[in-house]
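Chemist: Below is a structure I'd like to ask you about.
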Amino acid sequence: MNISVLGSGGWGTALSLLLLENGHKVRLWSAFPEEEERLRSSGENPLLSGVPLSKDLEITSDITEISDSAVVVFAAPSFAVRQTAKKAAPHLAPDAVLVSVSKGIEKGSMLRLSQVIAQETGEGHPMVALSGPSHAEEVGRGVPTGCVAASVDRKAAEFVQDVFMCPRFRVYASPDIVGVELGAALKNVIALCSGVCDGMNCGDNTKAMLMTRGLAEIARLGAAMGGRRETFAGLAGVGDLIVTCTSMHSRNRRAGILIGQGVEPAEAVRRIGAVVEGYFAAEVAKSLSERYNVEMPISLGAYRVLYQGSRPETVLQELMTRSRKHEIEDSWT
């Protein structure tokens, strides 16, 4: 099967190698001709150090070459998804299945990334979101990994499940594309906060509290937006949250550590040297919490630290001294 992966970062490259291993003919597209040449000449993506690129992997910067692809995978950073979809739209095969593997929500429109892709490519293509606890560095090295393929179209979800699944990459199918995409996007804010806790040497108790209560507020928002609460207890929810909050592969956590150590947020993001999705997702979380009238104190605290100059110590103390709450929202009967 011919498959095109749009976006030659670490994640797009790791998935390209996985799909190639599964027996597909894979084309990896870069938006930049100079990057295409660099990948060709070096035989390695610097974002996947130590993982050689197969000679069977096609690398191109010519978007017209995707026209023969039965599956087109969108792996660009969230801020570049719309532009990538706009470029791809005229060249898609009429029956191509589209897969969003990017994690984020578009700033401004507040749309999930599958919605952004559908806006630019039309509603005629089956749309699937693939997400879960899946660091590119580990997928590239063949570490056993599990993800979720979510779509309102059961046939499309199960088709993508079959395309990606192999002994080292297990895929579950789900109808809840809303919940899967929201879990993927908003956990980045909590992961950044988790890193701040590490940078402040808060300890495991604080971090565990932040992760679980962070997941609770993501699930509240997800339910308000039409997602299913049980999704947030699965791979695309708590699974993705755990890996992003605890791993040093996580750019969000590493940026948070710097902030917790006293580095200004914008400088911390700059030092990471790659996209820190949680930095942008905090703005989105604030807007969505206001739009849907959902209480999200941790995410809003992150926004204040990142954009309003609040100190992490102050925000943490305010979170700890909020009014009493019930953990389970139902009342006693």
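Note: Cβ is positioned from N, Cα and C throughout, glycine not excepted.
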Chemist: Looking at the NADPH binding annotation from TrEMBL, with Trp11, Lys103, Arg251, Val275, Glu277 already listed, which candidate in Ala136, Ala219, Ala223, Ala224 is the matching residue?
Modeler: Ala136
Chemist: Look at the sn-glycerol 3-phosphate binding annotation in TrEMBL, where Lys103, Gly132, Ser134, Asp240, Ser250, Arg251, Asn252 are given, and name the residue from Lys55, Lys187, Lys286 listed for that site too.
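Modeler: So, going by the record in TrEMBL, that would be Lys187.
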Chemist: In angstrom units, rounded to an integer, how far apart are the Cα atoms of Arg251 (NAD(+) binding site) and Ser134 (sn-glycerol 3-phosphate binding site)?
Modeler: 13
Chemist: If you skip the near sequence neighbours and keep only those at least six away, which residues in the chain come within under 8 angstroms of Val275 (NADPH binding site), Cβ to Cβ?
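Modeler: Within the chain, Val275 (NADPH binding site) has Cβ neighbours under 8 Å at Pro77, Ser78, Phe79, Arg251.
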Chemist: Given the NADPH site residues Trp11, Lys103, Ala136, Arg251, Val275, Glu277, which other residues of that chain have a Cβ within 8 Å of the mean position of their Cβ atoms, reported in sequence order?
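Modeler: These residues sit around the NADPH site: Gly9, Gly10, Pro77, Ser102, Ala274.
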Chemist: May I have the DSSP-based helix, strand and coil counts for the residues of the domain 'Glycerol-3-phosphate dehydrogenase NAD-dependent C-terminal' (176-316)?
Modeler: 110 helix, 0 strand, 31 coil
Chemist: Suppose we draw a 10 Å sphere around the Cβ of Ser134 (sn-glycerol 3-phosphate binding site). How many other Cβ atoms does it contain, all chains included?
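Modeler: Around Ser134 (sn-glycerol 3-phosphate binding site), other Cβ atoms within 10 Å: 23.
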